[in-house]
Amino acid sequence: MNDTRTSRSARFDTTPVVVEDLGLIDYHAAWELQRTIAAERAEGAGSDRLLLLEHPSVYTAGRRTEDADLPIDGSPVVQVDRGGKITWHGPGQLVGYPIVRLAEPVDVVDYVRRLEEALISVCTELGLTVGRVEGRSGVWLPATETLAERKIAAIGIRVQRGVALHGISFNCNSALDGFQAIVPCGIQDAGVTTLTRELGREVTVAEVKPMVATAVVQALNGDLPVRDHDLPRPGTTPAAPNSTRVRSMT
């Protein structure tokens with residue numbers, strides 16, 4: 001992949017990122033808080049923040065969501081201004097919203113890759129082999145003889161007036177029932193999984209939260225370089241180590 005910016009910070013400011021643990025919080029309340037912080041950052045006020053939290057069960061639909069993607073059981077959906085399609089949030093899933101004024105010139109793809117890198121590093125530390133799938137954002141486990149590729153972390157962002165909003169969702173020990181009524185992120189040929197399911201032990205949000213906080217801040221500050229973690233896909237040749245590639249983003 002084309003890695004031209006990871007030796008320096010993705011952030012405009014050099015002041016420390018303020019990490020806040022909001023616990024379990026309603027989606028609308030968290031969204032309003034995001035917008036308030038983002039407006040301050042666009043004016044050069046306040047500090048970059050990383051909000052870490054869980055939501056009560058809720059579906060959110062990004063700008064590319066189509067009618068066919070909506071829940072088959074008629075569950076209500078919150079329409080939001082991030083990229084991507086529909087997803088589910090709920091207890092047992094760690095959500096992170098970095099509200100960050102980005103360095104200029106703004107590079108959205110680079111920013112997303114840094115968030116992916118942070119989550120990949122956490123999975124690796126926990127003992128999971130994960131990576132990226134060409135043309136799809138997020139963090140994935142490779143396909144096996146019996147299982148399709150499985151997404152363990154999703155990313156959906158918006159950049160407005162040079163400030164990033166929304167962010168990451170990382171499945172720790174969440175129930176997967178919420179995903180059954182939708183096609184998560186509009187991807188029909190892959191699955192969804194959790195850390196608990198893949199590691200064969202209970203992995204809680206509380207265990208993972210400090211790891212994610214550290215990794216995200218390191219990635220945004222340029223202390224965690226973005227590396228090539230492309231997963232081999234059926235019918236493709238795995239990329240050579242340290243190879244570079246320009247990626248598309250969905």
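Glycine residues also receive a Cβ, built from the backbone N, Cα and C atoms like all the rest.
Per Swiss-Prot, these features apply:
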| type | residues | note |
| --- | --- | --- |
| ACT_SITE | CYS185 | active site, acyl-thioester intermediate |
| BINDING | ARG82, GLY83, GLY84, LYS85, ILE86, THR87, TRP88, HIS89, ALA154, ILE155, GLY156, GLY167, ILE168, SER169 | substrate binding site |
| COMPBIAS | 239-250 | compositional bias 'Polar residues' |
| DOMAIN | 44-224 | domain 'BPL/LPL catalytic' |
| REGION | 224-250 | region 'Disordered' |
| SITE | LYS151 | site 'Lowers pKa of active site Cys' |
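In the structure shown, across all protein chains, LYS151 is the one of the recorded positions ARG82, LYS151 with the greatest number of other Cβ atoms within 10 Å. Rounded to a whole number, the distance between the Cα atoms of LYS151 (site 'Lowers pKa of active site Cys') and ILE86 (substrate binding site) is 14 Å.
Site extent for substrate: among the recorded binding residues ARG82, GLY83, GLY84, LYS85, ILE86, THR87, TRP88, HIS89, ALA154, ILE155, GLY156, GLY167, ILE168, SER169, the largest C-alpha separation is 16 Å. Secondary structure at GLY84 (substrate binding site), as computed by DSSP, is coil.
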